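Notes for the one structure printed next.
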Amino acid sequence: MTVAKRKREEVTVENGNNESVDVEENAYSDGFDESEEDEDMASDDGDGDDLASSATGSKQQLQKKKKPKAAHLADDLRNLQEAVQLYKSNIFKLEIDELLKELKVDETKTKAVDRVLHKLKDFIEAIPDSKQDLMLSDAEKTISKSGIAIPFPDPKPPKDAQYRFAYSTPSDFNLVGSYALKTMIKSPERFAIDVVVDMPAALFTEKDTLNYRYFHKRAFYLAYIAAAFKNSEQLNFDLSYEFLDGDHLRPVLRLDSLKDGSESDFHKAKCYIRIVPGIAKDTFPISKLSPARNCVRYASVSPQQQLKPTPYYNSSILSDTQHFSSTVFINKAIKSSDGFRDAVKLGDIWLRQRGFSSATAGFGAAEWAVLMAALLVGGGARGSKVLANGFSNYQLFKATLGYVASTDIAETPVAVGVEGIDFDKSVFDGRPVLVQNDVNLNVLYRMSPSDYSKFRHEAALTVKELDDVNGDHFDSVFLEKVDSVIYQSDLTFCAKFPPEDKSFRDLGRVFNPSYYGYLSARVYEVLKQGLGERVDLISVRATENFKFAVESRKPSSSGEPAFTIGLLLNPEHSERLVIHGPSAEDKQASAEFRKFWGRKSELRRFKDGSITESVVWEPRAEESVVTQIVRYVLERHVGEAMTKGLYVVGDGLNKMFAQDRELADAPGTNAIALYQKNLDEFDLLRKMLIDIDDLPLKVSAVLPASERLRYASVRPPVEFSVHSSEDFSNVVIELETSAKWPDDLKAVQHSKAAFLLGIGQSLCRMDPTVVTNTGLDRDPDTIENFAFLDVLMPSGYAFRVRLRTEREAAMLRNYKPDRDLGLRGFKTLEREFTLAARHTTEFATLCHRYPFLSGTVRRVKKWLHAHYLSDHFDAVTVEMLTLAVFLKPFPWSAPASSYTGFLRVLYFLAHWDWRSEPLILDVDQTLTIADVQGVREKFKQQRANDPELSQGALFIAINYERSGMMWTQPNPRKVIASRMTALARASCAALKSGGVVFGGEADEFRKLFVSPVEDFDFVIYLEKIPAEESAYPPGVEQLNEPVELYFKELESVFDGAAVFFRNRLRNDVIAGVWDPRIMAERSWKVYLGYSTRPVQEEGVEQKGTATVRANVDGMVREMERLGGDLVREVVRRA
């Protein structure tokens, strides 16, 4: 497609017809001199020269010549080496290549678009000029004849406006943007094709830069074109207006295909066309549009007050001069760097997955391309280049993210081109600055400080993710949609926009024409001051409609636009109750503090003698301190209308947990404090055990080995409340080294029992108020540990003590009479003694590192209990699954609230492919690449040895246990793991629907904790056993756990025939499903392992071996008989 009326040079951009759209050598000082050396490149990915030479060498290797086998092998090795140098790994390169193939738009479907573009050019050039010098009323009449509205931005032109309106043939017609550059990608949303029509300079005067006159004339010009399309019988489109990149000052005409089969039908291309009015660079003096100038003469407060700069307004006009120039600039970057175009596509998909676009956040694929092109010619120290031309697409992508994360361009602007007119960057109020020097345009003028801080945060997370050599992370970087408010933020608020206020109409729109943008910025500044170091990130994002009918002047407000406030909390400070203000001696700062906090501010004296202004908040279980602050400061500084519709996303879940007695999060309780009391008693018990001196061997170590001692039990430990064995905190003790232990394992176990008896007697002598009792885990005639010592402290806390000896592990491992028995005993010893103690210590430490880990894991366990999976997951397994979202939180940061942590675990369980992917946890960042590879090899070997997953479905390795199966073998089995995934996906789907999360009450969230019994083949309803007020002594040795005994009996008797489920916290139901293998008919034989009955067809005599099937009725009756009075009824699924 030829472009008229502008002198061209040899630089070209291909259009959709594979023809050339000539483009000029723009006023940019392009910096893309191919003869320049890349030796000054600064990059995180290595030396630029080496990478560039590597890329050049790769081209030479692609010559199509026949080579001997050795030469081909050498080529393959070099290609692999190149992949490692230019990409994260060879596999990562293949994944990127495949992704780029998937993102490529099918050009065969865009041929119709090319035909339409040609017709559009001819059509627009044929539109007759309007009458010259139309007054406002005449201009409106001219357009209204076609039923079209002029999309005047606010404020509308005054009725007595003296400036004139007119339309004449565009001075230029250009195809710009992603379609011209071939950087568009395939996506669920249709992509835009931008056609710029330059308005003739004769239509404007020098004063049109003032008081919206340019934008009013621009709106008329656009409406005139829209009217021509409306009246045309040649080209039929669905016409609408749209704000260009969310800028309310710059509407464009949107043309959507009608799917009518006509010559103008291009719906298969999945795109739409935008007619964008522009102007030539020399239409207005550039100096008058400097960001530091004022171009809107608003009413000042006083005659002495100087008018403030209007950078947004000025930049909007300048942007209309740069559509074509930006395309030229990016095109030169594409020609200078082979990987540039694909790097733009990678950036585009990365931005989309995180909710960034030019319209919603002021930063999309177009801004990404300009930024990358700028970094190819500068942006580094002393003007050096940040990116090298020889970088691969991945290196360009990663290095650009690294630059964004490490360089604050709000403080250190990036400049492109010749030296421009100097201005103070502070006029942009914390917005990022990417300046096109020849016109002093800040390309990122629409990006708010809130979106910019979020953008840098996301970039830093992704760089950290890509730097993780022990993981691939391709899916979370490019494929997963990660901008969901329920997973991305620790605390999220939603609210409807209040009506426009006087402050916006009088002055606010001068600095931000969008009321939504204006109010969002105001909310951001208020929250930033009010929350301070309590939050690491504040994200305020408005939801508004940028598209509107051509019959309307602007979008309708009937859609009730809303905004969301997402907070990333600082766990160290978020729940601090006191805000310390300035000293009372600092009068000015104190006055500002009181002005901001109002009635909440008070003067206080602290223990260190200081007297400062302060704000004190009350601890509330159902409303965090941060929530209280947000509500208060928004009501005070933004208005009561703002807080009326303000609600916390997922607040119903927090209320539900607060009402849960088992979690002890109700008002007036503190679960962590309850755990600490138990730990204090453990320390006292440890001291008493160490001080025992009347036994042959002294106690040398006392180790915690219980979820109650690592902040991880659903029910926190409570004094004087011992109802079952789960109310004891497990403890492992070790004795001094001795060579006198027996050589027989059974004798060792009996000796340990004798020691425990002696320890119990010694404790009672040391403190007569201590109650001890020795009990048995299993039959004493065993080579495994069978004895334990229960210790009930005077404070009311209970501990179960077991003894580990130094020689026991080696004796079990080398047990010759029954090697399998010995190995099973060794594994049990390692799991319940050695590793249980190590895990308890490590997990308790991690709970201090991540303050919300404890609350999260307890909620996850509660969820598993609620779905009758209590007996299928070891407590340690659940804790490691939860730990994954803290140690490996990508693509987000570690949760800073129990609410977010719980939802993230559900998301992880729903998406984790445990069949083909191990979970590897590195608690202290000490695992090397070799260590991780070794674990992966074990996983591959385990899957190869057990392809049916009969020995265990999950593989979870951690620094101190790398076999991966210690806590996951044999449970959970494959059917249980599949059930876990299905439940997690169902929960995520309920959350994604929005009804539960957005405004849902506690009852709505309880649905996540209800498992339908209809999923089971049979359900055994149990009689409610009255709980004793306290089983605390006397009588603790008679702890009665009938449901536990009954459940174990069922599992033993019907092993291989049915799988049983229960909620161990409630013990009111035992559900079950039959093994599908027993339901089929089969030939009878002895030792089938389950009850059967013969299959006898009526009137047919049985010959030969009898055919049998499972005797379901008989087994159900046997279950009922075993339960006796404990069973209320058994219900079978029809």
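Every residue, even glycine, has its Cβ placed from backbone N, Cα and C.
TrEMBL lists 70-97 with the feature coiled coil.
Annotation comment: TrEMBL describes 51-61 as compositional bias 'Low complexity'.
The domain 'Nrap protein' annotation in TrEMBL covers 193-335 (among others).
Look at TrEMBL and you will find 340-481 (among others) tagged as domain 'Nrap protein'.
DSSP assignment over the domain 'Nrap protein' (490-638) gives 57 helix, 42 strand, 50 coil. Look at TrEMBL and you will find 490-638 (among others) tagged as domain 'Nrap protein'.
Feature annotation from TrEMBL assigns domain 'Nrap protein' to 669-848 (among others).
The annotation domain 'Nrap protein' is assigned in TrEMBL to 850-995 (among others).
Among the features that TrEMBL reports, domain 'Nrap protein' is placed at 1014-1130 (among others).
Look at TrEMBL and you will find 1-70 tagged as region 'Disordered'.
Secondary structure of the domain 'Nrap protein' (193-335) per DSSP (helix as H, G, I; strand as E, B; remaining residues coil): 58 helix, 26 strand, 59 coil. Tallying C-beta pairs under 8 angstroms between the domain 'Nrap protein' (490-638) and each of 193-335, 340-481, 850-995 places 193-335 first.
Using DSSP to sort the residues of the domain 'Nrap protein' (340-481) gives these counts of helix, strand and coil: 77 helix, 10 strand, 55 coil. Predicted-model confidence for the domain 'Nrap protein' (490-638) is 88, expressed as mean pLDDT.
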